[in-house]
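K.L.:
Could you have a look at this structure, given as structure tokens, before my questions?
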Amino acid sequence: MLTKRIIPCLDVKEGRVVKGIQFVSIRDAGDPVELAKFYDEQGADELVFLDISASHEGRETMIEVVQQTAATLAIPFTVGGGIRTLDDMKRILRAGADKVSVNTSALERPSLIQEGSDFFGAQCIVVAIDARYSEEDGTWMVYTHGGRNKTTWSAIDWAKEAVRLGAGEILLTSMNQDGEKSGFDLGLTKAVREAVSVPVIASGGAGYAEHFYEVLAEEVDADAALAASIFHYKETSVAQVKEYLRAKGVAVR
């Protein structure tokens, strides 16, 4: 039986970790390499770094963060944000990341998924999907540019297409739930999980240990659950979440 993964997410801006609530207000949560080390010691299975720097300087700083993190971490980590070309992927992976995550760039140019998958293997390519439920469409729709622009893709169709093109994993964020701490979007996660053959990481909405249980248990069956603020501000710890899951019979490392 495959163990379920708990993944802290670190949003990095100009070399510092920050966390927004519903993609807007930002608080400073510290040094990325120190935090990564802390989470490794806490028993995190993986980490995700999302580079939200807009500047070229910020992007260069991110390469340094990746190199330093790779030198101190034993667990795998993924880097996303600003990856638009195969060369961008090469730089991040050569700096020491295990996987790259693409979002807006993949929707703008879907062949990017295939290029990365052909060159590095599907296991290195994560497609991140930001989805919001639309009453008008009666389903979850995909948004780009940090949740600002609505696309014509439903989350289910885009996840299927991303996998067809070579994505090895889907990182699925519910924009409705993001930062709310009221639980993951179980309907969205289950729908995408059932539509694709690759692992799905649920993101957006974790507030308590039981929220991880809800999304990882058999009913929804996400492969991994990601959270940021509840870990950064020490509202709960990776170790506590895993202890809770073990007690509930969920297989964790």
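Heads up, the Cβ atoms here are built off N, Cα and C, so glycines get one too.
The feature active site is assigned by Swiss-Prot to Asp11, Asp130.
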K.L.:
If I take the alpha carbons of Asp11 (active site) and Asp130 (active site), what is the distance between them in whole Å?
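P.N.:
With the alpha carbons as reference points, the distance is 15 Å.
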K.L.:
Among the active-site residues listed here, Asp11, Asp130, whose Cβ has the fewest other Cβ atoms inside 10 Å?
P.N.:
Asp11
